[in-house]
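According to TrEMBL, the features are:
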TRANSMEM  15-36  transmembrane segment
TRANSMEM  57-73  transmembrane segment
TRANSMEM  93-113  transmembrane segment
TRANSMEM  125-143  transmembrane segment
TRANSMEM  149-168  transmembrane segment
TRANSMEM  223-242  transmembrane segment
TRANSMEM  304-322  transmembrane segment
TRANSMEM  382-404  transmembrane segment
TRANSMEM  416-435  transmembrane segment
TRANSMEM  442-462  transmembrane segment
TRANSMEM  482-502  transmembrane segment
Amino acid sequence: MASWNSIPLELTYEVLGWIAFASWSISFYPQVILNFRRKSVVGLNFDFVVLNLTKHSSYLIYNATLYFSSAVQKQYLEKYGYGEMIPVAANDVAFSAHAVLLTAVTLFQIAIYERGPQKVSKISMAIVSAVWLGAGVCVFIALPNHSWLWLISVFNSIQVFMTLIKYIPQAIMNFTRKSTDGFSIGNILLDFTGGIANYLQMAVQSIDQNSWVNFYGNIGKTLLSLISIFFDLLFMCQHYLLYPKKRALIPLISSKDGKEPLIKPSSSDQPKPENVDHPQLENWVVRKTEQNQMASWNSIPLEITYRVFGWIAFFCWAVGGYPQVILNFRRKSVVGLNFDFVVLNLTKHSSYLIYNATLYFSSTVQNQYLEKYGFQQMIPVALNDVIFSAHAVLLTIVGLFQIAIYERGAQRVSKISIAIVGAAWFMAGALMNFMRKSTTGFSIGGILFDFSGGVTNFSQMAVQSIDQGSWVNLYGNVGKTMISLISIFFDLIFMAQHYLLYSSNRALIPPPKSSKEVEPLVKSSSDHLENV
């Protein structure tokens, strides 16, 4: 089986895959939360959920089998060539397993919450029954010749078919009601992000392998992305363009008995809703609170976008620390990594953790912030900021531990860095690369993740500013603003050094061997002069 030709492309592939996983997985929660808050599933099409369960179940069978079964992988390589890679990643398996679970939770909500006169149509039940009956027949056909690749391809085709038709009932329902009320647009925004990231992930693999086999070798994943993107654009058009003023204007229609059978006998037997007064659905727009109370979100979609950006930034920045740790572990050496960079980084992340944790958890500090910037503002620190900085402190300590135990050549932490801890932590690494005319030993994967985290972190703050109609949070939390901009600036320098300036010098400079196995990390001023 083929392997990756480019480490940066491999890292990009993994990042895009897990962004797709995060977006698609989180996309289930807005609808589940909306149902829970309203204690109602009116506005959610039941056929959509039933078809979705079949779709994700069949996709899980395909992904898990092709990912874990060596027999099926062998059949795949025999068909498409041993120079190809298996087109299923770990994020595909994790996503489909999570999707089955969350769809089952939604079905449970349909069973227990207020649902009005709606029931699962006989057409949907017939489609689901026919699909699983056909799948059972295919199992017996594949059994004699052990045609497992063909069999899971059938399940892959099932998920494509179900993806194609599952959106149609909800789109028609929105069109008939002239409203998207009760259907979470947050789900669609995340689904759209996942579709884009999933398609880009496949493109990255194709670019690395210089082959487009994985697009038709896993045609289900390709069509899943394209169909999702198409219908997501349709739903966004309905929500924001066609029916923007119809939200929260359609009342809940309560059934007389509260609960009715989910399967309806026929469309002609369906009872007509009576024209009686009913309480309206909860308004999507969250109103500003009274004076002397902290502001809340005005737009649910913007709030969801804010949180998605935040967790993408957390993911990119958190994962960004691992390529360097893994590189050190594999080489059993830290030659090429600037120790001043690590020491300064520890102080930077520690101070950022103190700031984030205090402002996020302390009501006293929050009150002082609001008194300074106004009670119409929101606290500019999110949970992802606290978790990221805590994780960063831990991983930087791991990096320091590696410096202490691995081969490090003649390098030590300079007294200058010890004295100026908290200053421009990126400068040491960039200066070292410039002097060595090489980036060997310094992981570019961490920089790529760091750059993605910086962009999404700044985008998260911009989303909050757009929602509030105020840019206070950008200077109210100037530390978060500057960490994004400075990170982006230096990441661009590192990428220019790695890919443009010193691309031909990588892996040409041998790690210098020290005369002693272990030397003191902090060098004295006299030692420094001798080395000079």
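In case you wondered, yes, glycine gets a Cβ from its N, Cα and C as well.
Since the structure is predicted, the reported quantities are computational estimates derived from the model, not experimental observations.
Touching of the transmembrane segment (442-462) and the transmembrane segment (57-73) is ruled out by the presence of fewer than three CB pairs under 8 A, sequence neighbours closer than 6 excluded. Stretch with the largest number of CB pairs closer than 8 A to the transmembrane segment (149-168), among 93-113, 223-242, 382-404, 482-502: 223-242. In this chain, the transmembrane segment (304-322) touches the transmembrane segment (382-404); three or more CB pairs sit within less than 8 A of each other, excluding pairs fewer than 6 residues apart. Away from its own ends, the transmembrane segment (93-113) comes close to residues 20-21, 24-25, 28-29, 31-32, 35-36, 38-41, 44, 46, 49-50, 52-53, 56-57, 59-60, 63-64, 67-68, 262 of its chain (Cβ-Cβ under 8 Å, at least six residues beyond either end). Non-local neighbours of the transmembrane segment (125-143) in the same chain are 50-51, 54, 58, 150-151, 154-155, 158, 161-162, 165, 263; each lies 6+ residues outside the stretch with a CB under 8 Å from one of its CB atoms.
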